[in-house]
Amino acid sequence: LLLRWRRRRGLWRKVKEARQRQERSLVQMEMAVRRFREQHPSVSMVSILSLPLPELSKKLRDGSLPPEHVFYAYVGKALQIATETNCITEYLQESETQLRKAKLTGKLGLLYGVPVSIKDSINCQGHDSTLGFIKNLNKPVAEDSVVVQVLRRQGAIPFVKTNVPQSLISYDCKNLIFGQTFNPLLYTRSPGGSSGGEGALVGGGGSILGFGTDVGGSLRFPAAFCGICALKPTGNRLSRECSLLVSLPVVAAVGPMAKDVESLALCMRALLCEDMFSLDSTVPPLPFNEEVYCSTQPLHIGYYETDFFTMPSPAMRRAVQETKKLLEDAGHTLVPFELTNVDRVVFNFCIRGMFADGGASFLSKFKGELEKSSMGLFFWLAKSPNWLKTVLSWIAKPFAPKESLSQQPWGSTSTPPTTSAFPLQEFCYQFIAQWKKLNLDVMLCPMLGPALSIGYPGKLSVAVSYTMLYNILDFPTGVVPVTMVTDEDEEELKGYQGYFRDWWDCTLAKAFRGSVGLPVAVQCVALPWQEELCLRFMKEVETL
């Protein structure tokens, strides 16, 4: 008991030190902005913050806007948003040194002088990548991840790291070290996750370009919840070197978040360069295809309003219907697409694949941590023997089908990780065959929304069905906000019962309530390696 008390005391000491570092970071940001304003009282911060990324980048490169003006304008705004939402975990003070050196270099990259924010799990030299775990504190990484290296070579200035949920396997944004991050649009709502700190910072205007990771919707949830755009590329289109909790059966991806689609396109132009291909030889040398992105040919677009597993909210369904109508009026062809077996796909490839060893490796990551409640159900099930999961699944099936599915046996510590019960390759072939049969270019899909109330994402892990599908398939997928929740949506929500009418459906209805005025997005999907076509479709949706 004494040893356990001493260990817990040591862990709480580390948490306290980390929070003090976070507070010092905010103080450093405040002092840096104050110094700049004293030296340059006539600089209009508001006019700089109002510029979209393409225009801002152009002004920085042609010299009409000094990089230090832009940098300190965003440091000041980021400080304000961090104070309101608790989204920043660390200020990268070396960014001020990089800013001074940037003016001395002759080469101006596409992102010259642009301040960018980085998710906690993406490595920045000399800084922790905690994943929300206390054990990862005070372990600064030795070098930048490839994406950060390329950003620096393109002239971008990483200036803050942002908050994540413990383990990243959540679409909320809370951990014991830095606490809960709030949605900048409504503080009682979650910003989404696991790139929730990025979503809150970019959504609040404190960063013009942010970078996160996506293993089940971790870029798309924050973008949709905070009313911004994001792109989850094909897994290996960009180097995906980052810190992850466990090896995953789905492909992780690193991607950008911004206020508009053109900013995402500029970012991809900058990153898909020789530096990216030489630093990471696993990334195929495919430069950005300008011709595809700028094409004006009418598109053949598949669409669906529901996955028949998680019933869409009235606003989600309306978002797809209204976007479909606008696309048809613009001369595009819309074709219904029917989804099947989404529940089995999500369970077999994600839950069973992730916990194929019976949850042993997953549990080991939490060993010695002070809090495990962020993973709630998963953590409890990982500790349960397979016979108990089987019994619970059988008991729950008649009145809680979704819960029954998650409680089926996962695997055992004696068997190697496999998803053979539902072959992944076969499912991908079937999906692409249906896509080709309908002669589709892209797909329009629902995106979970509006933002759920804080605390609800942890209770509603099954609601990742709309996003997880495209991690399983490894298709590039973007999110574009298209509408806001109306009073009519709120009234219609009173009749929401879900497909299974179980506890999960009832809880999801509660999480959606009181959302009038919050943004609702759609997903835009293309086939693997067709990010330019995905962005072109996103741009079309955004413009209409």
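Glycine too: its Cβ is placed from the backbone N, Cα and C atoms.
According to TrEMBL, the feature active site, charge relay system maps to K119, S194. The feature active site, acyl-ester intermediate is assigned by TrEMBL to S218. Among the features that TrEMBL reports, substrate binding site is placed at L168, S194, V215, G216, G217, S218. According to TrEMBL, the feature domain 'Amidase' maps to 73-535.
Shown in sequence order, I169, S170, Y171, G193, S195, T213, D214, L219, F221 are the same-chain residues outside L168, S194, V215, G216, G217, S218 whose Cβ sits within 8 Å of the Cβ centre of the substrate site.
In this entry, substrate is bound by L168, S194, V215, G216, G217, S218, whose most widely separated C-alpha atoms sit 11 angstrom apart. Across all of the domain 'Amidase' (73-535), the predicted model scores a mean pLDDT of 90. Here the binding-site residues are G216, G217; the one with the fewest Cβ atoms within 10 Å of its Cβ is G216.
For S194 (active site, charge relay system) paired with L168 (substrate binding site), the C-alpha to C-alpha distance reads 5 Å. The Cβ of L168 (substrate binding site) has 28 other Cβ atoms within 10 Å, all protein chains considered.
Counting only the Cα atoms, the space from V215 (substrate binding site) to K119 (active site, charge relay system) is about 14 angstrom.
When Cβ atoms from all protein chains are considered, those within 10 Å of S218 (active site, acyl-ester intermediate) total 33, not counting its own. Under a cutoff of 8 A between CB atoms, and with a sequence separation of 6+ in the same chain, the neighbours of K119 (active site, charge relay system) are K161, T162, V164, S194, S195, G197, E198, G210, F211, G212, T213, C242. Across the recorded positions listed here (S194, V215), the residue whose Cβ sits among the most other Cβ atoms within 10 Å is S194.
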